[in-house]
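Below is one structure, written out as structure tokens; the observations come after it.
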């Protein structure tokens, strides 16, 4: 075994051990006690002033932010008058993700418990007109059945109950978490593992957040290389877009900080490798996926594209290499470096961007284009997943870009026998040359794609909630990445000096913790549950007063954990 191979084996072993400690295959996540001790809720004297600087909109505080939602629901749980609204909210969410055969019974339970004036949890705040519609006759079980009730419930909770919450201890606890969230957590909070790959401006490596044990991927953008290649604008665009998107089908940005040499983006780690690797390298004698597996990934990609397009973001770089698998076998789209955000009032954009073979005809011809280019790329990606080759060139075929452009614009696509009629029809609808006729994002949704016969057996509600079993689960003992010596190293950048403008850009880029992913990490790793300590008598907890846990013996018997 040569030194390079030995280096890979050692690095893989350390990475797999860390991964096992976090994903549950070992008993306790690996946490650094020194950094764990720094995750401490502050006394109110340090954080109460945040009340004046935070955006206190109901939707943001109580629905979008994970810790905010938990604390608001705990507040509702503590007051009997709010229990009907809370339980209805939770039961509707439960109904929306239930198996089809369980929905009828759950629907009847909702009608009986919350819409009957004689019921203990009758929701008297609901408009009589909404209630009457559900009492007119037999209820037809369907997706979104109780959305009017949910919207009315949240509208009610956003009024007087929300104002009560803002004056409660639970909101003060939220301010404590927001203060902690804002504390700088930079390079020293992370332990680097092996290099996973290379980006345009630096390496991508696995890393571990020391305090929680959570694993991430750290994309390092070398400052000198960025400046030399005039990459500042592209890097900032990618970072700002990553901060805007929060979907289980798109990699999330959790932290952004700088080191002496690099700008660092700490993002969701996808341990299963990319789709291209699985198409061609896992079973080389029979490349490609069975159709059900390809359809599962396609459905998850559709959910990711819909999230981007609802936020007016054109992806422009969908391809198998940019679709990554997580530990459980679910996929997310990644690498938003070529994405562009449409401005208010702007319906289309222009510019040559993407990967040869995946770019839509209108883009190749220099025309203006919209989100439709991403659905053309989806068609190419689905075709490649099933056929193990692209629709416009055979695997390994050397094709000049001019010829490839001609094929995409002018030639029909041929489908091998691997395609069912439904998958062929779906691909053809995506690979339509005319963007106006192409299947895609319409009326702010991807519902027309969801309604295609190809997905007739797919439960979209459960897919979107992350409740469906993926068709393939990556091996937890395998590192789906090139050997370290095959990743390659960057050459040293010389002759680049930084000035005040550069320093200001670096500081603007390094914004620290991203609220929603950071809060998800605190909940997922158990930190929230460990610090969310309340007195059973309802009085102010010691941490809010600035009293450490070990210094107040009088209140020990009155403490309880609420996660």
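Glycine too: its Cβ is placed from the backbone N, Cα and C atoms.
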Checklist entry - Which residue among 21, 45, 53 does Swiss-Prot mark as phosphoserine? => result 21
Next on the checklist: Of the ranges 1-15, 196-210, which one does Swiss-Prot flag as region 'Interaction with RCVRN'?
Outcome noted: 1-15
Checklist entry - Which of these, 214, 219, does Swiss-Prot say binds ATP at the same site as 196, 197, 198, 199, 200, 201, 202, 203, 204? => result 219
Next on the checklist: Could you give me three numbers for the domain 'RGS' (58-175), the DSSP helix, strand and coil residue counts?
Outcome noted: 85 helix, 0 strand, 33 coil
Next on the checklist: Through the lens of DSSP with three states only, how would you label residue 492 (phosphothreonine)?
Outcome noted: coil
Next on the checklist: I'm checking region-level scores; what's the whole-number mean pLDDT for the region 'N-terminal' (1-189)?
Outcome noted: 88
Checklist entry - Relative to the Cβ position of residue 492 (phosphothreonine), how many further Cβ atoms are located within 10 Å? => result 8
